[in-house]
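Novice: Sharing a structure below in structure tokens format, with a few things to ask.
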């Protein structure tokens, strides 16, 4: 027990690492058991379609079909579709490029559109190196200003004027803010996307909202890519604004929950404690600063006293010269 108490932080960190690894294994087992049968069925279906196509077109060899499919899949990975009903949508017009830039800077990265040229790839690297820290700075400044008016001041108001416990008010406020964020940035947008996108149901729309605002960005669902999409340019701009506002809202909620006393106390279990020597150094530096400030205050007070004494007058240079002559 004494050994555990002395190295409590290390034991908690070891349990955290073990729990995270077990969570990864658990996710792998669930995804494998759920998705593997669907992958097997899809492979069998594609194999049957390919074999039937070759039987119906005897003049086409399997190697020619493989080369054609390989080229089609390669173009599809770059966001270019061979289908005739998708030829009207350009991936690099202004609105699509604006949407791509927002996904790059927010690290969402759907992957449905990628640079084709070497110049575009080089510019994407330079643009990301400068833009991603710039975006983090921008989001941090915005969230810091919003959280003052959205979280801290309301909690202090109810704590001071109504006399409620600050921890209870902070907990209720965090839950209410989370509910509002889920409603306005997940449920309502999911319903809107399920109406605007022909092939999406509510679950798929909610899945897109979560994958996007959590910056996972798998890219299996991207809005505004339908061939019959109306007002596509305006729709893309609206989605870009939704992603930026939703990301800010998510950061505000996360910061609000991180400021809860219970979570702060829980996080400290896994942190490394400061050494006593560091604490002593900090104390010494604090004492030295205090002593220097006190000494400065004392010196200034002495000067003020001398200046205010009625019977002490400073000697002028003329009086000093006359005394020397005498």
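Cβ atoms are placed via backbone N, Cα and C, with glycine included.
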Novice: Which stretch, out of 79-96, 97-114, 205-222, 259-276, is listed as transmembrane segment by TrEMBL?
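Specialist: So the range that TrEMBL calls transmembrane segment is 205-222.
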Novice: How about long-range neighbours of the transmembrane segment (168-193): same chain, 6 or more residues beyond its ends, C-beta under 8 Å?
Specialist: 150-151, 154-155, 158-159, 200, 202, 205-206, 208-210, 213, 223, 242, 245-246, 249-250, 252-253, 256-257, 259-262
Novice: Tell me the residue counts in helix, strand and coil for the domain 'Potassium channel' (183-258), as DSSP assigns them.
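Specialist: Breakdown, helix to coil: 53 helix, 0 strand, 23 coil.
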